[in-house]
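Now, the feature entries from TrEMBL:
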- 31-474: domain 'Major facilitator superfamily (MFS) profile' (DOMAIN)
- 26-44: transmembrane segment (TRANSMEM)
- 76-100: transmembrane segment (TRANSMEM)
- 112-132: transmembrane segment (TRANSMEM)
- 171-190: transmembrane segment (TRANSMEM)
- 202-223: transmembrane segment (TRANSMEM)
- 354-373: transmembrane segment (TRANSMEM)
- 385-408: transmembrane segment (TRANSMEM)
- 420-444: transmembrane segment (TRANSMEM)
- 450-470: transmembrane segment (TRANSMEM)
Amino acid sequence: MSVESFYSVQRSHPLSAPFLQLQNKILILTICAAGIGGTFQYGYNISIINAPASYIQMFMNTTWLERMGVPLESNVILLLWSFTVSAYPLGGLTGAVVAGPMAIMLGRKMSLLVNNVFVIVAATLSGFSRMAKSFEMIMLSRFFTGVNAGVSMNIQPMYLAESAPKKLRGAVALTSASFTALGLVLGQVVGLRELLGGEESWPFLLASNVVPALIQLTALPWFPESPRYLLIDRGDKESCISALQKLRGTSDLSAELEEMLAEQAAVKGQRAKNPWELFQNPALRWQLVSIVVLSSAMQLCGNDSMYFYAAYVFQEAGIPEDTIPYVVIGTGSCELITSVTCNVIIDYAGRRPLLLGGYIFMAGWAIVFMVALSQQTQISWMPYLSMACIFAYILSFGIGPAGVTGVLPTEVFDQMSRPAAYMICGSLLWFNLFLVGTAFPFIVKSLAHFCYIPFLVVCVCTALYVWFFLPETKGKSFLEISEEFRKRNFKTKTRAGFYKGPEEIKTTTL
């Protein structure tokens with residue numbers, strides 16, 4: 001049955017209204033099933049390691065004492081803890097590298113399902129680490145949780161953006177950032193002493209990430225694969241139509257299917273590209289530069305470092321030490337609120353204004369924050385201004401850079417280049433996360449209250465790049481976006497100083 005005949009029968013059926021209403025929910029349920037075991041795990045596993053930090057370090061010392069008969073020196077404990085923390089971004093980098101081949105060979109949905117194996121292994125290792133008296137199991141566990149996060153951070157936005165209709169593509173793909181923020185907040189909540197953050201329960205806290213994995217393994221198989229992957233990568237038109245019918249129960253599919261067939265024709269005879277091939281292809285120059293700049297800026301802008309300062313600033317503001325963990329939850333809640341807000345407005349406001357506004361506001365708040373830190377001991381109300389800056393900085397990050405950055409690789413690359421593009425983005429994200437985590441203590445030591453100067457420079461430079469070089473992608477098809485970048489990539493200059501596109505160059509003698 002053709003798409004048109006399917007819909008004519010469906011609309012004339014007496015039960016069509018309830019049927020269409022049910023179909024309208026499938027995309028939402030697909031988003032939830034992908035998110036709970038996807039980018040949710042990234043935020044959750046970042047935050048749950050903070051609460052039991054002192055208990056895990058005590059466990060390391062006790063375990064070593066039982067093995068060797070002598071306690072560890074404080075600097076050795078700190079080194080082991082650094083290895084434990086660093087294992088997460090190292091695993092994330094590994095996951096980002098393998099995500100591309102997984103997305104191509106297994107498909108988007110199956111890759112997300114297989115990815116849960118890493119979390120189950122990690123939960124088993126951390127859950128039994130104290131029983132086995134092995135802190136090495138915790139380090140290995142953090143590596144596997146990182147692999148899981150690295151894969152999901154690349155594949156989930158790709159899966160959702162390819163499954164969404166054009167008019168909702170930004171909002172649907174941006175839910176990846178919302179689930180990250182949700183995981184961050186829930187990790188902070190579950191890590192409270194009253195729940196799983198106590199001395200006796202920390203192994204259960206580290207193993208609790210198995211719950212979202214089991215939920216996804218139960219729910220996601222019931223939802224369709226990416227229609228674009230089915231048609232363009234596998235050439236399975238019937239499965240593509242079936243997936244579209246499940247995801248778009250209330251609309252005519254002919255226009256969307258025609259667009260996909262045009263994209264399929266445009267990449268006909270091509271194979272999925274490797275990351276190094278993107279660097280060698282002049283037709284992808286500005287797309288590649290854009291995702292390199294924005295993916296790097298996402299970690300180098302200093303948002304994560306705000307969490308480093310949060311406890312100190314809150315303490316200086318006079319908040320009781322026992323209350324600070326509850327106040328810190330508010331910082332994660334800010335990111336969640338703004339990412340959800342961004343979901344609502346991205347397909348109305350566009351990508352460029354959100355990115356531009358986010359980085360401009362972050363630059364402004366960075367200046368105010370440094371001034372407030374420098375005057376914190378001189379003026380009584382400055383700690384409160386510092387506290388406001390933390391919330392404002394995180395809000396500015398959440399309203400644009402946090403979510404829009406993950407949407408762009410799907411929009412600016414075609415089907416054959418997209419997995420490799422996400423491999424590059426993911427690798428940069430995790431490398432820069434490791435770089436900032438390693439360098440920030442030294443930056444604080446060297447620059448003291450003015451430690452946000454490097455982040456200020458990153459925010460200003462990124463805002464300038466977005467203003468001058470990044471085109472708007474809102475409401476455009478993948479082919480339209482590719483054509484806009486193609487003109488930009490092959491634009492050249494005549495002797496008279498005018499720019500000409502590739503078609504003009506072929507027919508004009510300079």
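Placed from the backbone N, Cα and C atoms, the Cβ positions cover glycine too.
Of the candidate ranges 26-44, 171-190, 202-223, 420-444, 450-470, 202-223 contributes the most Cβ pairs within a distance under 8 Å of the transmembrane segment (112-132).
Within its own chain, the transmembrane segment (354-373) has Cβ neighbours under 8 Å at 294, 297, 301-303, 342, 345-346, 382-383, 385-386, 389-390, 392-393, 396-397, 399-402, 404-405, 449-453, 455-456, 459-460, 462-463, 466-467, 470, counting only residues six or more beyond its boundaries. Among residues of the same chain six or more beyond the transmembrane segment (202-223), those with a C-beta under 8 A of the stretch's C-beta atoms are 26, 29-30, 32-34, 36-38, 40-41, 44-45, 48-49, 51-52, 55-56, 109, 112-113, 116, 119-120, 122-124, 126-131, 138, 141, 145, 148, 183, 190-191, 196, 246. Proximity of distant same-chain residues to the transmembrane segment (76-100), defined by a Cβ-Cβ separation under 8 Å and at least 6 residues beyond the stretch ends, is recorded for 45-46, 49, 53, 56-57, 60-61, 111, 115, 118, 135, 138-140, 142-155, 275, 419-420, 422-423, 425-427, 429-431, 433-434, 437-438. Mean model confidence of the domain 'Major facilitator superfamily (MFS) profile' (31-474) amounts to 87 (pLDDT, 0 to 100 scale).
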